[in-house]
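Residues or ranges marked as shikimate binding site in Swiss-Prot: Ser25, Lys26, Ser27, Thr72, Asn97, Asp113, Tyr232. Annotation comment: Swiss-Prot describes Lys76 as active site, proton acceptor. According to Swiss-Prot, the NADP(+) binding site annotation covers Gly137, Ala138, Gly139, Gly140, Ala141, Asn161, Arg162, Thr163, Gln164, Ser165, Lys166, Met230, Gly254.
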Amino acid sequence: MTDMPSVTTPALDRYAVFGNPIGHSKSPFIHGQFASITQQPLSYEAILAPIDGFEASLRAFFQAGGKGANVTVPFKEQAFALCDSLSAEATLAGAVNTLSLLADGTIYGDNTDGLGLVADLIRHLGSLQHKRVLLVGAGGAARGCILPLLKAEVGQLVITNRTQSKAQALVEIFSQVQQGRYSDKLQSMPMPELSGEFDLVINSTSASLAGELPPLPQSIIGNKTACYDMMYGAKPTAFNQWAVQQDAAQVIDGLGMLVGQAAKSFALWRGVEPDTSGVLKLLRDKLQADAQ
């Protein structure tokens, strides 16, 4: 009787998402789908890091063989501080959502949130070139998408916020990028002073989660205006409901941004960017089913 040859299964590269809370995260499902689509040998898990123990959790994960990680609230700024090197997007965002452990043992940080937003906008609207864009909010979500929007060659980017000084601070920061290359495209404006129709209005605030609306004038919405809320849900967000009432040409929620930023992270780690359409449909169907 001869021995059967042993078959060894190649070890899966380990990835994870860190957050607190983390149980709601759709990242393990999304990256599991991406791995299947691209036939990449990897595992992806959600890790609940203690509020005061993110760094220890992350370093333990890497020491145990982890290759890369996503980071969600409330750890994006802590992740930024831990990185040995950073992308331009992460540097300007002041926050990191994607970490890679490099061959020399150092940690590289990137921020793919804005790249995911722009990819989803282009999927819906086509080119963003020359468009007049209003960005509502001046927090971390807004800051992470300004450089990708500018790189997409928008014609004008107006930032508005309840606390106007925060919007102006972002304008001053990003006006200095690449020797002032984008300074003539950037402007801040108080909400009551907004005038004229915009081609695109992006809500980066979390107001929709509480069913609230930023105090925006109706006049900014025309019959060719597209409105985008970074929040999402089974039903239209409060912001997108308002946009429909103003007869906006198109309303879009942030589910595509979620899938898009994940695809950019996956591509950074694996060198292949997965198609997002099938995963997006699965998530949309799951949202609807869970709401019933």
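Any Cβ shown, glycine's included, is placed from N, Cα and C.
Small disclaimer: the values here were computed from a predicted structure and weren't measured.
Of all the Cβ atoms in the protein chains shown, 29 others lie within 10 Å of the Cβ of Asn97 (shikimate binding site). Sequence-distant neighbours of Gln164 (NADP(+) binding site) (same chain, 6+ residues apart, CB-CB distance under 8 A): Ser188, Pro190. For the NADP(+) site, whose annotated binding residues are Gly137, Ala138, Gly139, Gly140, Ala141, Asn161, Arg162, Thr163, Gln164, Ser165, Lys166, Met230, Gly254, the maximal Cα to Cα separation is 26 Å. Within the set Ser25, Lys26, Ser27, Thr72, Asn97, Asp113, Tyr232 that the record links to shikimate, no two Cα atoms are more than 19 Å apart, and one pair reaches that distance.
It is 23 Å from the Cα atom of Ser27 (shikimate binding site) to that of Gly139 (NADP(+) binding site). Other Cβ atoms within 10 Å of the Cβ of Ala141 (NADP(+) binding site), summed over all protein chains shown, number 23. Cβ-based crowding with a 10 Å cutoff singles out Ser27 as the top-ranked of the binding-site residues Ser27, Thr72. In the shown protein chains, 15 other C-beta atoms lie within 10 A of the C-beta of Arg162 (NADP(+) binding site). For the binding-site residues Gly139, Lys166, Gly254, a Cα-Cα cutoff of 10 angstroms around Tyr232 (shikimate binding site) retains Gly254. Annotated pair Lys166 (NADP(+) binding site) and Asp113 (shikimate binding site), C-alpha to C-alpha distance, rounded: 20 Å.
Checking Cα-Cα distances from Asn97 (shikimate binding site) against the binding-site residues (Gly137, Gly139, Ala141) with a 10 Å cut-off leaves nothing; none qualify.
Note: the Cα of Gly139 (NADP(+) binding site) and the Cα of Ser25 (shikimate binding site) are spaced 21 Å from each other.
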